[in-house]
Amino acid sequence: MRSLVTAAASIFALLHIGTANAEGVLNIFNWGNYTSPELIKKFEEKYNVKVTITDFDSNDTALAKTRQGGNDFDIVVPTSTFVKIWIDEGLLLETRPDQMENFKNVDPRWVNVDFDPGRHYTVPWQWGTTGMLVNTSVYSGDPNTSAIFLDPPAELQGKLSVLPEMGDILTLAIYYEGGTDACTSDKNILRKVRDRLVAARPKWLSLDYPSLEKYTAGDFDAGVNWGGASMRVRLENPHFVYGYPKEGYPIWMDNVAVLKTAPNVENAKLFQNFVMDPENAALISAYARYANGIAGSEKFMPEEMKNAPEIVVPAEFLDKGRFTPACPPEVNEMYTKIWTEVLK
Amino acid sequence: MANAAEIATAAARADVRNRWWLAAPALAIVLLAAIGPLVVVVLYSFMVKGDYGDVKYWQFSLDGWFSVIFERDVFDDTLKLADAHLTILWRSVKLSVITTLVTLLLGFPVAYFIATCDRRWRDFWLFMITLPFWTNLLIRTFAIQEVFRNEGVLNSALLWLGAIKRPLQIMFTDLGILLGMAYVYLPLMVLPLYASLERFDFRFAEAAADLYASNFKVLRRIIIPMVRPGIIAGSILVFIPSLGAYVTPRLLGGGRSLMLGNLIELQFGQGRNWPLGSALSITLTGGVMLALLVYVRAASKSGSGHHG
């Protein structure tokens, strides 16, 4: 038995060393269906590097898997909400993207972000907003309010689809009830939030991730949705418009970071620099349909994205969008209880 | 003589040893793959929750278990029963019981039909019953969605026939979940029922009919008691996976109401409370085991009454 364990252990050790020493490899750990194959092909050809991509389906999964160890990921793409956790837990390598050659292309708006001030760890991948998607042939009122799902007009009741994202939904409700902090622990506001959500839930049809054809086929007439996904719906059915809640709405940004345990640090840094090139950043956007945060990439973008109101936020709603941080554990616990209460 | 006996015992011992050795790989897999993870889940349920998911290792805490049943109110901090958890538990149990009953009602005639039809056709019908297993559960659920949804096959057909004026809202309702679950788990009910009915000697039914028993009486007094093992096996096979069902309620119910499986997922994901998630999982496993024990006990008791 003991010899078997030793044998197994040495096989694993060999495997690990094997990958650690491999040259010309880059392992990316990213959201599913999110990495442009064209971008990867270009990177592989330019630097003679073989890229592998592993998918994750949520920030929590990505964090749990990475922390568990036993992987050979170089690059991870966490959302703004989670970047600070990754940094604080000592999982990321300080690669100083701000000193890289292509950093000059980063839109100044995204340089001094609170989750990574001055960009010492991360590079923008894509960013977007969470807002309202409304079929104007069913409801012709103002789409730019969270009342669409929190106090639904009669026409939309029973035809609403809401994202099953606790953070996004509570944030929208907190802003709607007059809160300014997405991680508030102000019980007066939270009580209103809970009552509001409990009252609104029976008027929703589903709580699910967006599906294009359910909107276009008429199962849903409105919903809480992401900008890029909403644009795809609008391209199929021009009656749909995307609304930016005037009470406030969450902005998110996914960011390219290098893991401290990365076996291929140099290739990973090359990749960070590579995606800050406007032409390459445009490839990312063209594939996954969100804005990218690199100035000058617009002119390489597909025609239908250049002026899409779901992606280029209209000036009047620009200041209503806010990054949401990852809430502290005790606040998150309250939110989970409220969320369970709402969905029980 | 003593010598021969010794040789015999030695041979028997060697035989036992060989059996253990041969069984060892399978036992090792069962121990490692089934009991190992369960032990991890039990251990996690007794640890302090990590700030951003995971647990703080080897820091003992009963918080996870405590919050399965009790909770501190978010607003006035009073201690109360975690009625949200209980409501969700009750919803899952209710749905599982109804699913089991529906599959039994639908599955019994099917199994009866197959068991009584011409021997040449039985294999064909059994093949048809097992056919859905060739496809992944997720894909089958998506497929049934296409049947139910407002623009789906069923509604289009009914509209075309003029039977309804507006599409029936089946998707995203409890009825939708129930129909989906019944569809997914029906084969698990039919197969054990068929196995019992196939062995059933239909001369008993004939004899009862000769003694002027009505059809219903034959069914109730002769057939059902004698195929009870099949009914029990089928019910267990349907009830247990229904209780933890995750994909079907999520896709067909639209996720508006949490099921037990979804509640557990929430704790490991956005809720970042792994100890509570572990404790909920163990509660579910324990509940299923308890139900099974009670069921099997009751079944064997009533079974022994009939056979001697």
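First residue shown is number 1, and so on along the chain.
Heads up, the Cβ atoms here are built off N, Cα and C, so glycines get one too.
What TrEMBL says about this one:
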- B:89-295: domain 'ABC transmembrane type-1' (DOMAIN)
- B:20-47: transmembrane segment (TRANSMEM)
- B:95-115: transmembrane segment (TRANSMEM)
- B:124-148: transmembrane segment (TRANSMEM)
- B:168-194: transmembrane segment (TRANSMEM)
- B:226-247: transmembrane segment (TRANSMEM)
- B:276-296: transmembrane segment (TRANSMEM)
Cβ-Cβ under 8 Å with the transmembrane segment (B:226-247): same-chain residues at least 6 beyond its ends: 92-93, 95-97, 99-100, 103-104, 107, 111, 137-138, 141, 181, 185, 188-197, 200, 204, 259-262, 265, 284, 287-288, 291-292, 295-296, 299, 302-303, 306
Should the transmembrane segment (B:168-194) and the transmembrane segment (B:20-47) be scored as in contact, given a threshold of at least 3 Cβ pairs under 8 Å and pairs 6 or more apart? no
Quickly jot the same-chain residues contacting the transmembrane segment (B:20-47) by Cβ under 8 Å, restricted to those at least six beyond its ends, or write none. 55-62, 64-65, 274-275, 278-279, 281-282, 285
Is the transmembrane segment (B:124-148) packed against any residues at least 6 beyond its ends, judged by a Cβ distance under 8 Å, and which are they? 110, 113-114, 117, 154-155, 170-171, 176, 179-180, 183-184, 187, 190-191, 194, 247-248, 251-252
